[in-house]
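Participant: Okay, handing you the structure first.
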C-alpha cells in the first residue's frame, strides 16, 4: 500500500480540505458522545500548527440527500469547535462549495456533505467542486472509508494531491498490528445479532485468531446446531454455515445463558444450560459459567480483538456478560483493539476508553478491513499517488 501521508507534506499556507468523521450522536442540539470528534482533532490541530488554511467536511446521520434538515446540521459541531479552538477564527456555512477565502490558521466547517445532491452516488460534478476548494485533500474518516462517495472517493480523481490524515494512518496501523503478526495467543470476541452480516469476518478471524468467542444472536445460531433455543434470536438459514465454521475452528459458544420470557428492560434473568431452554424463553446474555470460562481465555491472551456486545447490555439484568468481558479486556496487559458502533457504546457505558489499546472509529469499515476488502478511500489514495506521481 503506497499512499501519501499528511505528515510528509508541506502544508503551510496551503488550502487543506480534511474529510473527517464527525458523525456523532446528537439529541436536541446536544452532542451525546464526542469520541469521534476527539479522534479527528489531532489532524485538524496539526494543520493549524502548520498555518494551513483548514476546511473540514463530514456527513452526519442519514438525511434525505440534497435537502437541509436541521436535525442533521453540523451546527452543534461548529459550536463545539468554537469552544475548542477559542483563539481561532472559525466559519460555518452551507454555501462554501462556491469557494471561500481563508487566512492561514483559520477554519471553515462545511455543512453536512449529505445535504449536497450527488454525494451518495459519487457524482463527478460534486467531486470536482470539492476538489476546487483545496490544494491538498486529507482523507481522515476511517469510519467512512468503505463508502464510494464524492467526499470520500470521487474527489481523489480531480484533486492534485490526496493524502491520509493522522487518524486514518493510526487505524490502518492498529488493524495491521492485530491481523498481520499478532502476539499469541490471540482471541477475537464477535457479538451482534446476525451471523449473516459477520460471516466473512468470522471466517477470516478464525484463520488468524487462536480462539473465537461468539455472543449475542450470533452465538444463538451456533447453539441452534445442537439445541432447541426457544424463541431466541437466531438465523436458521445460517446454522449449516455456522456448523462448518465450528467444526473447523476453535469457536467458543456459551455453556449457559441468561434467559427471559419477555424482551423488556425489567425482565428477570434466569440462568439455564442450552439443553434446558423452554419454548417461551429467549437467550439474552451469557450465564456465569460461560463468563468464568471466557474471562480465563481473555486473561491468558496477548492480542484481543473485540467487536460487539455479547448480550442485551441495555437491560440491567442482561448486562453482566458484556460488562465482565469489557472490564477484563480493560484490565488486560494485552494489545486490545475494539471497533463497531455498539462496542463504542459499551466502552462509554463502563468508562474504559483509556484502558483499551486502540479504539477504532469505524463500524462497517472496521469489519470490511478485517475481511480483507480493499476500502474505496484507501484505493483512492493509492490511485491518486500513482497517477499524480507520473
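Using N, Cα and C of the backbone, Cβ positions are placed for all residues, glycine too.
Dumping what Swiss-Prot says about this protein:
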- 21, 22, 23, 36, 59, 60, 61, 62, 114, 147: substrate binding site (BINDING)
- 198, 314, 340, 341, 342, 343: ATP binding site (BINDING)
Participant: The record lists 21, 22, 23, 36, 59, 60, 61, 62, 114, 147 as binding substrate. What's the largest Cα to Cα distance among them, in Å, rounded to a whole number?
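Facilitator: Taking every pair among 21, 22, 23, 36, 59, 60, 61, 62, 114, 147, the longest Cα gap is 18 Å.
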Participant: Would you mind checking how many other C-beta atoms are within 10 angstroms of the C-beta on residue 343 (ATP binding site)?
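Facilitator: Result for residue 343 (ATP binding site): 24 neighbouring Cβ atoms inside 10 Å.
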Participant: Under a three-state reading of DSSP, tell me whether residue 343 (ATP binding site) is helix, strand or coil.
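Facilitator: In the DSSP reduction, residue 343 (ATP binding site) maps to helix.
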Participant: Cβ atoms within 10 Å, counted per site: which of 59, 114, 198 has the most, among these binding-site residues?
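Facilitator: Max Cβ neighbours within 10 Å, all protein chains included: 59.
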Participant: Residue 343 (ATP binding site) to residue 23 (substrate binding site): how many Å between their Cα atoms?
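Facilitator: Checking the Cα atoms of residue 343 (ATP binding site) and residue 23 (substrate binding site) gives a distance of 16 Å.
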Participant: Counting across all protein chains shown, how many other Cβ atoms sit within 10 Å of the Cβ of residue 61 (substrate binding site)?
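Facilitator: Cβ-Cβ neighbours of residue 61 (substrate binding site) within 10 Å number 14.
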Participant: Using the structure shown, find which entry in 21, 314, 342 (the binding-site residues) has the sparsest Cβ neighbourhood within 10 Å.
Facilitator: 314
Participant: Run through the Cβ atoms and count how many others sit within 10 Å of the one on residue 23 (substrate binding site).
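Facilitator: The answer is 23 other Cβ atoms.
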